[in-house]
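Asks: Take this structure first; my questions come after.
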Amino acid sequence: MIRAHTVEQVRAAEDDLLARLPEGALMQRAAAGLGYAVLDLLGSAYGRRVLLLVGSGDNGGDALYAGVLLARRGVQVEAWLLSDTAHSGGVAALRAAGGRVVPAPGAEADAQRPSRDRFDLVVDGIVGIGGRPGLRPEAVAALARVAGTPVVAVDTPSGVDVDTGRVDGPHVTADLTVTFGTHKACHLLDPAARACGAVQLVDIGLGFRGSQARTSTTEFSGPIEALQAADVAALLPRPAPDAHKYTRGVVGVRAGSAAYPGAALLSVAGAASGLAGMVRYDGDPAAADLVRAAHPEVVGPGRVQAWVVGSGSDAGAEDAVRRSVADGVPMVVDADALAFAGTTRGRPAVLTPHAGELARMLDVERADVEARWLEHARLAARRYDAVVLLKGRHSVVARPDGRARVTTTGTPWLATAGAGDVLGGLVGALLAAGLDPFDAASVGSWLHGAAATLAAQRGPIVAGDVAAALPAVVAALVGP
Ligand SMILES: NC(=O)C1=CN([C@@H]2O[C@H](COP(=O)(O)OP(=O)(O)OC[C@H]3O[C@@H](n4cnc5c(N)ncnc54)[C@H](OP(=O)(O)O)[C@@H]3O)[C@@H](O)[C@H]2O)[C@@H](O)CC1
Ligand SMILES: Nc1ncnc2c1ncn2[C@@H]1O[C@H](COP(=O)(O)OP(=O)(O)O)[C@@H](O)[C@H]1O
Ligand SMILES: [K+]
């Protein structure tokens, strides 16, 4: 499990460790990890040119000491100081190792004029967890002079809001972010996560590895989580040796309509992933024949352990929600049914809006949701008293108490019509198989993203390809 901690939690862990270690030891650990990551990316050292952008704090110190390691390996290292108070030990060490240290060109320099020197790579040590969001003009100007050069961010891309993932002003866009001790929210949550590029965690002994989420009865105060393959494998429902189809759970689908029969097929395709014992279709008769033809194993209405409602339901959504709520079993509420999500209060439910749908549910602008994914997912979860799976590049799953997971599997090819219908069916199957709504939503979202990535290896995909790739993803996790 990846767990993203707040700056306050990092500082507390750091204080504990600093008391036990010689001065500067943590920074040396961080800088070594950073330096080797940069060397890996460069592929070779001799003759390579690396620019360090160095701010006033320890983030700049990390960059300078990584520069020392690089210079000793034969890299030509230049540091542009963005402040008069850059880490003095780091500056002296870089000079001693043969690096060039100069003041940054400054905001008044012609930002459009590229630097006369060409660099293979820029290391962003402007600010890390001590920075306020946004960048000062001198940092913006320095970045403009090396635009187009690959960037490695130290700890966080400078300028993003570390604890919320918000991006309100100018910021660094990195190809790789090397972070220390633990992930932070900005590494998982969009839009900041997009500015991180790939994220590499360097263990510096902060003691977060394997730490458990803390939860109180009211408000969750633990880290934001991102499931990894091993977590999904551990949570995945598997048939017991003496299983029969009913013990594995039956999922019912009330999706599709005469106008949108395809949604019935795709929702059923997600539900028929093999993770529940049986699938029932109880939607529009106009779609039922198509469902039976495509999925001969699917049966008609009857008792279920979970309902999936709303994908392409059109005018039938209200009735589908009402009947499913009356049943009292857990349900997935998607698309057209989200307008009636208020009626599911008090029932175990997973609501699966995309940003536009969530904006309608909360009566805010879509752009607000896309600027603050976690905040809006949590708000909706609290307001609707349900688990909310807010779909996007990095989907967010939130519980009413604030506990949250972020999905980091997936590919932009998944932005294709009907992909959400498959996801709803899949989450429904996991609910029917006995997962609680939070696990069903986050495991389903992880599998959905992984299946899309697998399917996209053979080229562009449509929603049905995602459903078809699910068994191979499950097999890779738990074996045949
Ligand atoms: N914690 C750990 O476990 C470890 C932490 N380590 C490293 O330390 C980093 C944190 O270092 P930190 O605390 O010195 O803060 P940091 O981010 O360098 O800069 C803050 C200073 O920048 C300034 N400033 C503020 N906003 C700004 C802006 N928008 N644009 C420009 N400047 C801005 C402001 O100073 P001012 O100029 O206002 O006086 C402020 O004081 C952390 O990210 C990691 O890399 C590792 O070495 C070892 C383990
Ligand atoms: N850029 C992206 N990268 C990765 N996944 C994406 C991206 N855009 C959308 N998705 C995923 O694709 C699916 C789209 O679902 P949805 O918006 O409901 O579409 P539809 O209603 O057409 O089925 C969601 O699972 C979402 O998380
Ligand atoms: K940085």
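Every residue gets a Cβ built from N, Cα and C, even glycine.
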Asks: If TrEMBL gives K391, G392, R393, H394, S395 as binding AMP, which of G418, G420, G424 does it give for that site as well?
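Replies: Record check against TrEMBL: AMP site with K391, G392, R393, H394, S395, extra candidate from G418, G420, G424 is G420.
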Asks: Please pick, from D120, D124, D190, the residue that TrEMBL records in the K(+) site together with N59, S158.
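Replies: Site partner of N59, S158 for K(+), according to TrEMBL: D124.
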Asks: Rounded to the nearest Å, what's the C-alpha distance separating H394 (AMP binding site) and H354 ((6S)-NADPHX binding site)? Just drop the number here, would you?
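Replies: Computed Cα spacing between H394 (AMP binding site) and H354 ((6S)-NADPHX binding site) is 11 Å.
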Asks: Could you state the CA-to-CA distance between K391 (AMP binding site) and H354 ((6S)-NADPHX binding site) to the nearest Å?
Replies: 5
Asks: Under a three-state reduction of DSSP output, how is K391 (AMP binding site) classified: helix, strand, or coil?
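Replies: Once the DSSP labels are grouped into three classes, K391 (AMP binding site) ends up as strand.
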Asks: Distance between D58 ((6S)-NADPHX binding site) and D124 (K(+) binding site) at the Cα atoms, whole Å?
Replies: 12
Asks: Mind looking up the mean pLDDT for the domain 'YjeF C-terminal' (228-477) in the predicted model?
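Replies: Result for the domain 'YjeF C-terminal' (228-477): average pLDDT 97.
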